[in-house]
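Notes follow the structure.
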Amino acid sequence: MTERYRIGYVLTKHIAVFDLFREYARQEFVKLDIGNLSQDRGFFDIIIHKITKLLISSDPDDSDKLAQFEAFLAQHPESIVIDPLEYIRPLVHRGEMLRMLKKSRWAENSTDALFYLPKSAIVRPLSLETVLQSGLKFPLVCKPIAGSASVHSHQILLLPSAEAFAKRLSGELEDYINQNQSCLLQEFVNHDGIIFKCFVIGNKSVHVARPSMKNLKEDEDVHIFDSQRIPKSFAWESNLPSKSEKWDTLFEISPSQDMLDYKNSLLNESRLNAIATSIGRQSNLTLFGFDVIIEASAQKLYIVDINYFPGYDNIPDFNAEFLKTLLDKLRARSRIN
């Protein structure tokens, strides 16, 4: 490869796969200090970033860093930005994210829905009364309205029944309510404890199966958990013991091979690619991931979350696909100019 480009990057959170990508790409990479962008750093062909934490932070220092970064981008209109902040902002608010996903349900020039979304409602404040007034059916999942990066955004509340919620309105649950005055409620869709993480890089998408919540019953207790601490592999794929903390009770870390094969058989590769294309068209994002579950009874395909610039750990050909995506964007810019 003869092309060599200057690429600036700023990451408020370490992404291990990006370290490997820099070695692979053999371009001129310049690490940008988010707190010191005032000095002239010259021309950049591309600016890559992940600063979602700054988009929802109430810390004045973070607000100042975000303002500096926006000013920096304004000073570099010639640079390709992966990805523009206005395209990322909808993903850090679950209400906006949901509106974008609703627009993505149909492929271009088609009347057939590509996927379903769990019935949902935004409640303010979170209380037994507002939950009952939402009209949603138990069991329910409650997610903080902030979609990513904040301290509390990954704290998920499972509400099997109104009775269980009423019994637990104190202690840990009271703290959760105080921290999350606005929440997205979703009807829980039983999916046999298997979720598919779909990773998108430009026009390329891949998926992997991961552990998820077991099918819920109304007689279960309320649960609060950190979604970032869910095991990222099944018990036989890692050193995770079959009985670990509450994971074995709440999450399906050891599904049968038959169930896993069955779920995989229900996935349609072309449909997943069409979903990735539709979301990409609506969001204008280059790097994103979305979570797919398949309903236990009706086998309907649901999307339950989407996030910007996921980890891409152990994703085959990530380096080659990401480099190809960047080069395609640069060549498209050259043709326009």
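From the backbone N, Cα and C atoms, a Cβ is placed for every residue, glycine too.
Sequence annotations record features per position, and here TrEMBL assigns domain 'Inositol-tetrakisphosphate 1-kinase N-terminal' to 7-88. Taken from TrEMBL, the feature 1D-myo-inositol 1,3,4-trisphosphate binding site covers Lys50, His154, Lys197, Asn307, Gly311. The annotation ATP binding site is assigned in TrEMBL to Arg94, Lys143, 186-197, Ser212. Residues annotated as domain 'Inositol 1,3,4-trisphosphate 5/6-kinase ATP-grasp' in TrEMBL: 129-327. Residues annotated as Mg(2+) 1 binding site in TrEMBL: Asp291, Asp305. Summarising the annotation, TrEMBL assigns Mg(2+) 2 binding site to Asp305, Asn307.
This view paints the features noted in TrEMBL onto the structure.
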residue: Lys50; record: 1D-myo-inositol 1,3,4-trisphosphate binding site; contacts (Cβ under 8 Å, 6+ apart): Val10, Leu11, Thr12, Lys13, Ile15, Tyr308, Phe309
residue: His154; record: 1D-myo-inositol 1,3,4-trisphosphate binding site; contacts (Cβ under 8 Å, 6+ apart): Asp226, Ser227, Gln228
residue: Asp192; record: ATP binding site; contacts (Cβ under 8 Å, 6+ apart): Lys214, Asn215, Glu252, Pro255, Met259, Lys263, Ile294, Ala296
residue: Phe196; record: ATP binding site; contacts (Cβ under 8 Å, 6+ apart): His207, Val208, Ala209, Arg210, Lys263, Leu267, Asp291, Val292, Ile293, Ile294
residue: Lys197; record: 1D-myo-inositol 1,3,4-trisphosphate binding site; contacts (Cβ under 8 Å, 6+ apart): His207, Val208, Ala209, Arg210, Gly289, Asp291, Pro310
residue: Ser212; record: ATP binding site; contacts (Cβ under 8 Å, 6+ apart): His191, Gly193, Ile194, Ile195, Ile230, Phe251, Glu252, Ile293
residue: Asp305; record: Mg(2+) 1 binding site; contacts (Cβ under 8 Å, 6+ apart): Phe290, Asp291
residue: Gly311; record: 1D-myo-inositol 1,3,4-trisphosphate binding site; contacts (Cβ under 8 Å, 6+ apart): Ile15, Ala16, Val17
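For Gln186 (ATP binding site) paired with Asn307 (1D-myo-inositol 1,3,4-trisphosphate binding site), the C-alpha to C-alpha distance reads 17 Å. A sphere of 10 angstroms centred on the C-beta of Phe188 (ATP binding site) encloses 20 other C-beta atoms. DSSP gives Lys197 (1D-myo-inositol 1,3,4-trisphosphate binding site) a strand state. The binding-site residues examined here are Gln186, Asn190, Asn307; by Cβ neighbour count within 10 Å, the least packed of them is Asn190. Residues Lys50, His154, Lys197, Asn307, Gly311 are listed as the 1D-myo-inositol 1,3,4-trisphosphate binders, and the farthest two of them sit 19 Å apart at their Cα atoms. Averaged over the domain 'Inositol 1,3,4-trisphosphate 5/6-kinase ATP-grasp' (129-327), the predicted model reaches a pLDDT of 88. Here Asn307 (1D-myo-inositol 1,3,4-trisphosphate binding site) is positioned 10 angstrom away from Arg94 (ATP binding site), judged by their C-alpha atoms. Cα separation, Asn307 (1D-myo-inositol 1,3,4-trisphosphate binding site) to Asn190 (ATP binding site), rounded: 22 Å.
The secondary structure of Asn307 (1D-myo-inositol 1,3,4-trisphosphate binding site), as reduced to three states from DSSP, is extended strand. Here the domain 'Inositol-tetrakisphosphate 1-kinase N-terminal' (7-88) has, by DSSP, the following mix of helix, strand and coil residues: 34 helix, 17 strand, 31 coil. Around the Cβ of Asp291 (Mg(2+) 1 binding site), a 10 Å sphere holds 19 further Cβ atoms from the protein chains shown.
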